[in-house]
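Chemist: Quick one: the structure is below, questions incoming.
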Amino acid sequence: MPCIGWNNLSKKILKMGMDEAGRGSLIGPMIVAGVILNESSEQALREAGVTDSKKLKRSAREKLFEKIESMADWYGTVAVMPEEIDRENLNKLTMEAFRKLACMALSDGFIPNMVIADAVGRDNRTINACIQLKIFMEKKADSKYTVVGAASIIAKVTRDREIEKIREQYGLVGSGYTGDRHTINWLMKNSNALPPSVIRHKWKSRSNPYYSKS
């Protein structure tokens, strides 16, 4: 996925937030997003209603996506494809994407004062990214911090658009998630025709009617 960044040489306090969308899906990529905001933009987006994307209707997410695009000092996304998810530990892939986003921001000339990500796994923790940055991962950070909420919206809207492409190309029915019976029924009929870039097979270890058919 493309990263969009803007060099900014002015001295401002910058926060970077990161979050993912599509972690538990059977279909399509997991999208991990990073957003950098200055203090005034963060306040304006908070007042506009930016929060955890799961709390927002799709129409609200789309409108806020445009606001975040226009007001962010920097934002970027990383797509983690189904083939990667099948091969590697999902927590490891998510943290690698967090590190990649931090390094992308640094390479574009941004050194945020603080980097916060929604927690991966059960515990709060800190991980190193590049040489200069530490990423603080905290539970429910997408609800607690506007900048992480902004990242969750960028990730969710970007993934929704990727899913729409799959829907148009392959006729996907349902949301693409494991608990959606419409998706499961569609997969049972169409899985043999889907390329590895579309469908995740790692969920075979889960109790799921799609994977118990074989």
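Just so you know, glycine gets a Cβ as well, placed from its N, Cα and C.
Below are the features listed in TrEMBL for this protein:
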type: BINDING; residues: D19, E20, D118; note: divalent metal cation binding site
type: DOMAIN; residues: 13-214; note: domain 'RNase H type-2'
Chemist: Of all the binding-site residues given, D19, E20, which residue's CB has the most CB neighbours within 10 A?
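Modeler: Selected residue: D19.
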Chemist: Sort out the sequence-distant neighbours of D118 (divalent metal cation binding site) for me: same chain, 6+ apart, CB within less than 8 Å of its CB, listed by position.
Modeler: M18, D19, E20, M137, E138, K139, K140, A141, D142, V148, S152
Chemist: Which whole number is the mean pLDDT over the domain 'RNase H type-2' (13-214)?
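Modeler: The answer is 91, the mean pLDDT of the model over that range.
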Chemist: For the recorded divalent metal cation site formed by D19, E20, D118, which further same-chain residues have Cβ atoms within 8 Å of the site's Cβ center?
Modeler: M18, A21, V32, A33, T94, A117, A141, D142, V148, A151, S152, A155
